[in-house]
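Quick look at what Swiss-Prot lists:
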| type | residues | note |
| --- | --- | --- |
| BINDING | 12-18, 40-42, Arg304, 330-332, 412-414 | GTP binding site |
| BINDING | Asp13, Gly40 | Mg(2+) binding site |
| BINDING | Asp13, Glu14, Gly15, Lys16, Asn38, Ala39, Gly40, His41, Thr128, Arg142, Gln223, Thr238, Arg302 | IMP binding site |
| ACT_SITE | Asp13 | active site, proton acceptor |
| ACT_SITE | His41 | active site, proton donor |
| BINDING | Thr298, Thr299, Thr300, Gly301, Arg302, Pro303, Arg304 | substrate binding site |
Amino acid sequence: MSSVVVVGTQWGDEGKGKITDFLSENAEAIARYQGGNNAGHTIKFDGVTYKLHLIPSGIFYKEKISVIGNGMVVDPKALVEELKYLHDKGVDTSNLRISNRAHIILPYHIRIDEADEERKGANKIGTTKKGIGPAYMDKAARVGIRIIDLLDKETFKEKLEHNLGEKNRLLERFYELEGFKLEDILDEYYEYGQQFKEYVCDTSVVLNDALDDGKRVLFEGAQGVMLDIDQGTYPFVTSSNPIAGGVTIGSGVGPSKINHVVGVAKAYTTRVGDGPFPTELFDSIGDTIREVGHEYGTTTGRPRRVGWFDSVVVRHARRVSGLTDLSLTLLDVLTGIETLKICVAYKLDGKTITEFPASLKDLARCEPVYEELPGWTEDITGVTSLDDLPVNCRHYMERIAQLTGVQVSMFSVGPDRAQTHVIKSVWRLA
């Protein structure tokens, strides 16, 4: 039995899809355990670029099981569209399994999400307006509708009718927006469910059976540790738990069956949406990194905010996710920058702190303490091993490992699969 969890160590968009796709080659099952179609991942497979939002990266390997876990919230319409997108490109999706316990996103969740973000004005969270938060709210309030409910029209109608009474009052009286009629949703969404019912099952059984049979299972996180609802920059976070601990809740696999946790980190830092970002750059270097790194959101198309690598953030990720390995991505983007900076600590009211503060007021007053390292000018996109990297690039990686306390086991120097390199296998048994 061998299992690996892939988590983002920053604010998402670290390149988890690429690393998951790379590690999928040696996995026999790949599972997502939280989030929804608010997170996009870009995968290049057999020379073709795919952009997915719901379906796990493992879908391209027809001999491997690809799982949408119970901890996810699934927009049935978006799922049907994504399946069609893959089918139109000739991708076989018969290896997909969808948890019957996953909750669904309905049109009222999306409308409430949009209305609430608009109402907040300057205090907005910066959500993708995909209905994720409201769907998780319903789940916590025990009024959510699960995929198993969607597949039974009588049950779906009963629950939908009950929820529409409450949601329409909220939309009409509080937000002053038009509500929904039962017939607006019932038949359309029931039909979506019928289109993917062949994939629906108890995925906890599927995953545990795979592990018990000695198979390799890969768990794919969405977003990142700093967007975790408990451990992130609350309230500027997502509504689920991207940290490694979310795996056990969102997949139905116990913690004793998790072997390694790979934290994916960019060689710099980015963020989409509002919220604190201590190392954010507002100068020409930030603009250069954004353009060279194509830093625009997969889901929203919004320009990402860009900053220097923050070891305080990644140390926090190491602690709360129990990272065993680090995968450093987009090293090539830093090529040509004369002097690189790594944030090693923060200054808060004149005092040096090395741990990430919980208070946003404190965080707003934090000033990054930087360590400068010489950059490199050599093109590294064609390297095939660690030894091929320029000395300054290797020193940069070594310093990140020292500051974060996590060994760098993988690094990537470009978007293609061949540009990802392994220093130490994360599939090791010890």
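Glycine is treated like the rest: Cβ placed from N, Cα and C.
Comparing CA positions across the binding-site residues Gly15, Gly40, Val413, the one lying closest to Gly301 (substrate binding site) turns out to be Gly40. The IMP site in the record is lined by Asp13, Glu14, Gly15, Lys16, Asn38, Ala39, Gly40, His41, Thr128, Arg142, Gln223, Thr238, Arg302, and its two most distant CA atoms lie 34 Å apart. Only Asp13, Gly15, Lys18, from the binding-site residues Asp13, Gly15, Lys18, Thr300, Leu331, place their Cα within 10 Å of the Cα belonging to the residue listed as 'active site, proton donor'. Reported as a whole number, the C-alpha separation between Arg304 (substrate binding site) and Thr128 (IMP binding site) equals 13 Å.
Of the binding-site residues Gly15, Pro303, Gly15 has the largest number of other Cβ atoms within 10 Å of its own Cβ. Around Thr300 (substrate binding site), the same-chain residues at least 6 positions away in sequence with a Cβ under 8 Å from its Cβ are Thr128, Val272. A count of other CB atoms within 10 A of each Cβ picks out Thr128 as the most crowded of the binding-site residues Thr42, Thr128.
Val413 (GTP binding site) is surrounded by 26 other CB atoms, counting those within 10 A of its CB over all protein chains shown. Ranked by Cα separation from Arg302 (IMP binding site), the binding-site residues Gly12, Lys18, Val413 are led by Gly12.
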